[in-house]
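Student: Annotations for this protein, taken from Swiss-Prot, read as follows:
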BINDING   GLU34, LYS35, GLU36, VAL37, VAL38, GLY39, GLY40, ILE41, CYS42, LYS51, GLY115, ASP304, ALA312  FAD binding site
DISULFID  CYS42-CYS47  disulfide bond
BINDING   GLY180, GLY181, GLY182, VAL183, ILE184, GLU203, VAL237, SER264, VAL265, GLY266, THR267  NAD(+) binding site
Amino acid sequence: MSKEYEIIIVGGGPGGYVAAIKAAQYGAKVALVEKEVVGGICLNHGCIPTKTFLKSAKVFNTVKKSMDFGVSTSGEVGFDWSKIVSRKDGVVKQLTNGVAFLLKKNGVDVYNGFGDIKSANEVVVNGESLKTKNVIIATGSSAVVPPIPGVKEAYEKGIVVTSRELLNVKNYPKSIVIVGGGVIGVEFATVFNSFGSKVTIIEMMDGILPTMDDDIRVAYAKTLKRDGIEILTKAEVKKVDDHKVTYSLDGKETTIEGDLILMSVGTRANSKGLEHLGLEMDRANIKTNEYLQTNVPGVYAIGDVNGKFMLAHVAEHEGITAVQHILKIGHAKMNY
């Protein structure tokens with residue numbers, strides 16, 4: 001006999017786990033389906049692990065300048081990349097364990113496996129059919145690997161990486177070419193430059209951090225350049241040949257090399273495989289209204305998969321809003 005729930009949430013990131021906990025606290029019988037580890041991109045492959053790297057970089061730079069504060073050190077200041085990665089893993093594990101504890105404490109049934117959404121009323125996990133009155137899709141997004149000549153081959157060799165692979169790289173790169181000057185690219189540029197890597201950012205737009213206010217963009221670009229990071233704007237990558245990146249700037253093609261090449265050109269909603277539901281889409285993004293409802297009754301979509309604002313705190317608020325709408329609690333609606 002199938003288990004029955006009021007709400008099944010597919011995806012255990014910030015939107016999914018917050019929605020699940022909130023629904024349970026409101027008294028609903030709720031299940032959360034996650035194929036990897038709860039916490040999503042933010043806790044496992046994004047916000048949190050990158051901040052641990054930034055903290056290590058900050059400590060390293062502070063110690064190097066310790067004499068400015070009247071503190072002397074003996075010998076040359078160095079770093080152990082494997083220990084930096086290990087510390088990152090420890091912080092991530094601590095936080096994801098905390099999320100798992102909160103889910104259990106609040107009585108959420110967690111299913112580890114791929115959630116196959118058959119309809120608004122059925123989700124199959126590991127061959128088990130779960131029945132529900134409502135489904136919340138919180139499947140997140142994945143980094144885009146652009147169809148630039150040579151990128152696929154270099155990606156398969158581990159030379160081209162996305163942010164997810166770069167967080168777990170074992171051999172520290174002495175040089176790195178970063179394609180894309182958005183938040184992710186700039187964050188990694190800051191980290192690797194701090195530890196002494198030669199860093200080059202290639203950005204198609206007229207400046208880095210294109211979604212930020214101009215005052216911030218200009219000021220931070222100056223800071224990065226002062227610290228030795230090369231920033232190439234209005235530049236387009238034409239091809240990749242193993243460690244070599246050829247780009248076009250002002251009508252002239254130039255080739256540079258890097259131990260690693262980071263592709264940070266954006267993300268794409270994880271909506272593949274949901275076509276049979278008849279969802280209204282905007283490219284890969286699932287269209288939703290202010291209550292996070294899709295065009296299919298009983299199906300909601302929150303977080304990166306709806307493509308509105310791909311930020312963890314936005315996903316969390318969307319999750320709460322969707323749950324309140326399902327359970328008819330209050331009159332909350334999203335106002336971006």
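Positions of Cβ are set from backbone N, Cα and C atoms, glycine also.
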Student: Tell me the Cα distance separating CYS47 (disulfide bond) from VAL38 (FAD binding site), rounded to the nearest angstrom.
Tutor: 14
Student: Hey, what's the Cβ neighbour count for THR267 (NAD(+) binding site) at 10 Å?
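Tutor: Summing over all protein chains shown, THR267 (NAD(+) binding site) has 20 other Cβ atoms within 10 Å.
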Student: Would you mind pulling the longest C-alpha to C-alpha span across GLU34, LYS35, GLU36, VAL37, VAL38, GLY39, GLY40, ILE41, CYS42, LYS51, GLY115, ASP304, ALA312, which the record has binding FAD, in angstrom?
Tutor: 30
Student: In whole Å, note down how far the CA of GLU36 (FAD binding site) lies from the CA of GLY180 (NAD(+) binding site).
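Tutor: GLU36 (FAD binding site) has its Cα 27 Å from the Cα of GLY180 (NAD(+) binding site).
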Student: Sequence gap of 6 or more, C-beta under 8 Å: which same-chain residues meet both conditions with respect to ILE184 (NAD(+) binding site)?
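Tutor: Those within reach of ILE184 (NAD(+) binding site), by Cβ under 8 Å and sequence separation of 6 or more, are THR50, SER163, SER264.
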Student: Quick check on the binding-site residues GLY40, GLY115, GLY180, GLY182: which one has the highest count of other Cβ atoms within 10 Å of its Cβ?
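Tutor: Highest number of other Cβ atoms within 10 Å: GLY40.
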Student: Does anything in the same chain, at least 6 positions from CYS42 (FAD binding site), have a Cβ under 8 Å from its Cβ, and if so what?
Tutor: GLY13, PRO14, ILE48, ALA312
Student: Where GLY40 (FAD binding site) and CYS47 (disulfide bond) are concerned, what is their Cα separation in Å, rounded?
Tutor: 10
Student: Quick one: Cα separation, GLU34 (FAD binding site) versus CYS47 (disulfide bond), in Å?
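Tutor: GLU34 (FAD binding site) and CYS47 (disulfide bond) have their Cα atoms 19 Å apart.
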Student: Express in Å, rounded to the nearest integer, the largest CA to CA distance found among the NAD(+)-binding residues GLY180, GLY181, GLY182, VAL183, ILE184, GLU203, VAL237, SER264, VAL265, GLY266, THR267 named in the record.
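Tutor: So the maximum pairwise Cα distance among the NAD(+) binders is 19 Å.
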